[in-house]
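Remarks on the structure that follows.
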Amino acid sequence: MGRGMLAAGSPGANTAVTCLRLFLHLVTFCSLFIFFWYAWWWLSDGTYDAKWAAWYAKLLLPYKYCAPNQLAGSYEIGMFLFNWGMLLLAALSVIAMAAVSDAFAYKSPSHWRSASALVKNILSVQLPPRRIFRWWCDGMSIGDATFLLVVLALHAEYFGMYVKRNWDAIDYMEKVGFALPESRALMQTSSVALIFGQMLWPSLWFFFLPVCHMSFLTVWTGLPFQKMIRYHRWTAHIMLTVLSLHGILYYIYWGRRNEFWLQFKDWHNDPIYITSSILNLPGSLSWFFGLAIWVTSFEWMRRTFFEVFYRVHLVSVLGFLFFASMHYSYMWTAYAGSLCIYFVDLVYRYSQATQVSAITACKLSADKKMLTWQLPTDKSFKHCRAQDIFMMFPKISRWQWHPFTIASTPVSSESSGTLTFHTKRFGKWTGELMNRIQNGEQLAVRYLGPFGEEIDSTNLRASTVAFVAGGIAAVPLLARLRDMVRLRCSPDTKAELPSRVLFVWASRSPDEFTALDLPLLSAASDASGWLDMRLFNTGKPGCSSTGQPAMAMGGGTSKQAFFTSGNLPTTGCPAKHKNAPDALPVGADLTHTIESTSFRSASPYFMSHPRRLFPRMWGGWALYAFIHLLVFGGAFLAMLLALSWEAELTCTSPLVLYADYSWKLGAVMQLALIIGGLGLAYCLFFVIHIIRYLRSRQQETAQAWPQLADVDSTFSASVQNYEGKQFLSCAEEGLALPITPGRPDLHALLGNLRKSTMAEKGPASAFGKIDLYIGGHEALSNDIHAVAGRLNGFAAGPNFEVHKDAWSL
């Protein structure tokens, strides 16, 4: 009876899991609160040693080989407990929450889903002035502004607290008649410069936390990787601004004292500053590496010189951390906990990035500008619609990882065992990719992902939805639309889906419209008229990229201009037409090619044979939790080993000053943190990879590589001309869709959608909303935001809530 009550999906199990999830949410929140509280207020109080002295005394780690030396004192113990420990506890709580939900097929209560959707909608509302925010940071939502204001407010509070404390001390010295060692202005300049250095502690915590492709924060908050990277950029700008003010103010202070060069080159080599444990030259070098990161991270630099940006980032981050630790040996306490979370992400990236797969089916469009291609997947590979996979083609570049949006739906990917992608020729990298494939070259692929928001069907349940796409950026919107079409076939979800959908797609190359498959074309011809699909050719009007002559088509045209199968010849589909694009054999049996191909230089190790794509978290939540324990445990043991070096040094050389070895201790601790945090987990994964690789080779040798889905069976439409007009047609199914020349009138299209929604829903629609999804370049996104803003300015009627589905990384 008890076991039945807790069966997966049962009401009893749902109630129990709901209570457990609430408890784990509370644990996660409290852990993160203590994590930040310890940095912002407890450490900055300056009396934490005295307050908890008796409690700390029980936790101090002695160095038994040389009493009374200690491995870890109160400061280190506090960091391990309240910084590392709280962050690890929050991560394990979120993992436990996800694991229990999956095990019991948990479905959150409807009121919880409604409240979550309401909060998400509120946080996604774009703030004015929209034009300025779009120019500055690609838009500012309420959620973005809240995050940014919280970070800035905490920095301002931290700064104000230290300024008041230090300047009050100067006032007290003057009040009691104590002679100041230098002028008040110089003391205040030095004090503010030091405060900006102290502000790097919490600033670096914010800097590293959102940099992960996947972390417990992305699972807990539901924020996609693209949003996290955006927050990482903002926190990086704040951190580097604080760092620059720290360095510049000290340069000014040294210059005012006429000792700039003496201080600048200080590396514990001047008798005047021989007792100082702060080394200035490593600090300046760390700042220079930070400036290199900053300069190369701006958008124009990333897009123009991506490989320069990528290589400078890799080298400069290491230089920044190592020289910062030499500048101040305990700098590791500012970022070690957050860095361990990043190490977990690196370990999981390693589990995929060393694997090699291969393209198994592809097709180039007639104008050679769009490529449709497929990769094979393992049966355990799962993804959500509109998610991205980062890919690297070693023959093109070993440095460039590019995100590709998955075009196929999760259901079709699972049934066919493949993932489908669309790529447009744009720039040198994509041009070389298409040229190599067009020449019949078999390309190895290394991959990471999938990444992005894990969207469920509740995100599609607004009463009215509009999609506006430009060019190949329509892929994520098509993925959403395909899932919507699939869900309408189920009586359980059909009533909850949008009753009216507008899909507007503009492209300079009409062949891109062939990405529309049969289910979408059929949905657009549905008698209920729930889907209104509009295609616009913004390139040369009246020209078919296939160069096919006009065909005799009879019959009248309706709003969507669909034709019966008797009106179109069976040669209308490009797969059977004599002018089919010159490409690899689509859907051909590639078993011999795959089994006989060995990409020896593709993988950094010897795993050179192609395999199906494996999931990002192939070990499940249990392995994910274990990797957290392994990374944090390895880093903790490595730090104790580094501290034992200090204890042994002071034991064998009792007269040695801390200033004599502080920079060496900082370098040793930074090196120990990296080796310990990554070493154990990497070794474990390397052994697992070897075993899985050998097993997969045996299995694929024993049975032939399965025949993959034919690309043309899914994408069978073609662009045709008739009496000076263009149509997207598939004669075999008797479907055609008109292609309108010129740019779409977005104001008219969205305005008419708003009016029809008001007419259908009545007065209740005045307080409703229309979800508007954008997939396109920056100019299109700006135009849509401007149109939505003007339409929302009217007093009556539903408002457009804009969501961006194409990201610039």
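A Cβ is built for glycine as well, from the same backbone N, Cα and C atoms used for every other residue.
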Of 235-253, 330-348, 463-481, the range TrEMBL labels transmembrane segment:
235-253
Which sequence-distant residues neighbour the transmembrane segment (84-106)? Criterion: at least 6 residues beyond either end, Cβ under 8 Å.
6, 8-9, 13-14, 16-18, 20-21, 24-25, 27-28, 31-32, 34-35, 38, 215-216, 219-220, 336-338, 340-341, 344, 620-622, 624-625, 628-629, 632, 635-636
Residues of the parent chain within Cβ reach of the transmembrane segment (204-223), under 8 Å, 6 or more residues beyond its termini:
28, 35-36, 39, 90-91, 94-95, 97-98, 120, 151, 229, 231-232, 235-236, 238-239, 334-335, 337-339, 341-342, 344-345, 348-349, 390, 448-449, 451, 453-454, 616-617
Chain residues outside the transmembrane segment (235-253) and at least six past its termini with a C-beta under 8 angstroms from it:
151-152, 155, 186, 189-190, 192-194, 196-197, 199-200, 203-204, 206-207, 210, 260, 263-264, 280, 283-284, 287, 290-291, 293-294, 297
Can you give me the average pLDDT across the domain 'FAD-binding FR-type' (348-457), rounded to a whole number?
80
What residues elsewhere in the chain lie close to the transmembrane segment (665-688), defined as a C-beta under 8 angstroms and at least 6 residues from its ends?
321-322, 325-332, 336, 339-340, 343-344, 346-347, 350-351, 627, 630-639, 641-643, 645-646
